Amino acid sequence: FLTMLHLLVFTVVVLHVPKVTGNLDDCACDVETIDSFNNDQLFPKLQALLESDYFRFYKVTLNKPCPFWTSSSHCGLRDCAVKPCSPVSSSFQPNQEECFEETREALLDWSKYDDEAQRFCVVDDEDSPDSQYVDLLLNPERFTGYKGPEAWQIWNSIYEENCFKPYTVKRPLNPNSFPSSSGARTFYSWLEGQCVEKRAFYRLISGLHASINIHLSARYLLQDSWFQKKWGHNISEFKVRFDSELTAGEGPKRLRNLYFLYLIELRALAKALPFFQQHGIRLYTGRPEEDQKHKELLLEILQLAKSFPLHFDETSLFAGDEKEAAKLREDIRLSFLNISRIMDCVDCFKCRLWGKLQTQGLGTALKILFSERQIKALPVSSDHRPSFQLNRQEIVSLLNAFGRISTSIRELKNFRSLLAEDW
């Protein structure tokens, strides 16, 4: 009887854990390989790198007006606020809120060639008087209370106006339309009829959306009192967003798109290895020994990324007629550029910070994937003008954005365990 009861409970658990297994569409990889590679090998090294000064400080402009509609108001919730760096200290302690002054000065001195033509997202001008350094470790991505019509407007604008979808085809679970199984079938029938490039673009955006939702569910405000704030995993919030039954089958599709996004950004890291192997590329913060140590750790991570056995094959993209491929590539670049502008419409400043960073990171990944010839042509000598370049903002956003995706994959393992315990 106990054995039968155990099997019954196990069956119930399996039914309620979002089922994401097996091979992914449009690539030769499977979920299990990614889980093992990320959780056991890459994730720990990447987290150590992102805690270094070079990667924890991100310069951003948070007070740009929304270029598309009149924003009702900025989020008044205290957890929406961002703590900026205040360059008043000449020493650095891990938990203090001021920037390390030498680090700040080193970052201001960073001046590299910027390839405007290949830019996939709007990059805030580092010389702008309105920009500020933000310590990402002091401003973690987590649930702030920002939700409702304003938040939905952001994602609706992204999906409805920038993913090549006709307005007559409705997304599943779109809050502005009535849910129906026929509507979902129509949507996926339309999606499968698109070229591989447009399918990939939609899946990247959906994967980014899923990743953000996992972060909000994993760092949810569970307790808020005058003496304590407790953040942690909210199983109910996770199930609302990803449970197959509660999302009419959409949850597992979203998670599969997350894995697809992981593959794209992992491939970009591997392709960027020759750029970072150049002697002149330094993770400069003004402390040579630490800078060299972190450069070696970065190269170790990129070598590890290169060793992944089932990489996405980016040569399957834009492989048709050269003229048509160039136009399609430009259409996708402009759509992504537009999405990066939408981030200035997010009322929650902390959400805006992480939205801008992650869209810039994904844009940088796409720039790398579409610059293979330029990367191969990188000079062996620093005396020549480089054929490919990444500025500091792109480097910081690239690694931190992938760090968010890597964390999401790791959090899925945690949620699976919590859901099993919940039953």
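Each residue, glycine too, has its Cβ placed from N, Cα and C.
Unlike curated records, TrEMBL annotations are generated automatically.
A simple way to gauge crowding: the CB of CYS348 (active site, nucleophile) has 24 other CB atoms within 10 angstroms, across all the protein chains here. For CYS348, the entry in TrEMBL reads active site, nucleophile.
Within 10 Å of the C-beta atom of CYS351 (active site) sit 25 other C-beta atoms, taking all shown protein chains into account. Taken from TrEMBL, the feature active site applies to CYS351.
Within 10 Å of the C-beta of THR144 (FAD binding site) we count 19 further C-beta atoms, all protein chains included. The FAD binding site annotation in TrEMBL covers ARG142, THR144, TRP155, SER206, HIS209, ARG241.
Positions annotated as disulfide bond by TrEMBL: CYS75-CYS80 (among others).
Taken from TrEMBL, the feature disulfide bond covers CYS348-CYS351 (among others).
The signal peptide annotation in TrEMBL covers 1-22.
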Fill in the CA-CA distance, CYS348 (active site, nucleophile) to CYS80 (disulfide bond), as an integer in Å.
5
Of the binding-site residues listed as TRP155, SER206, ARG241, the one whose CA lies nearest the CA of CYS80 (disulfide bond):
TRP155
Could you state the whole-number distance in Å separating the C-alpha atoms of SER206 (FAD binding site) and CYS351 (active site)?
17
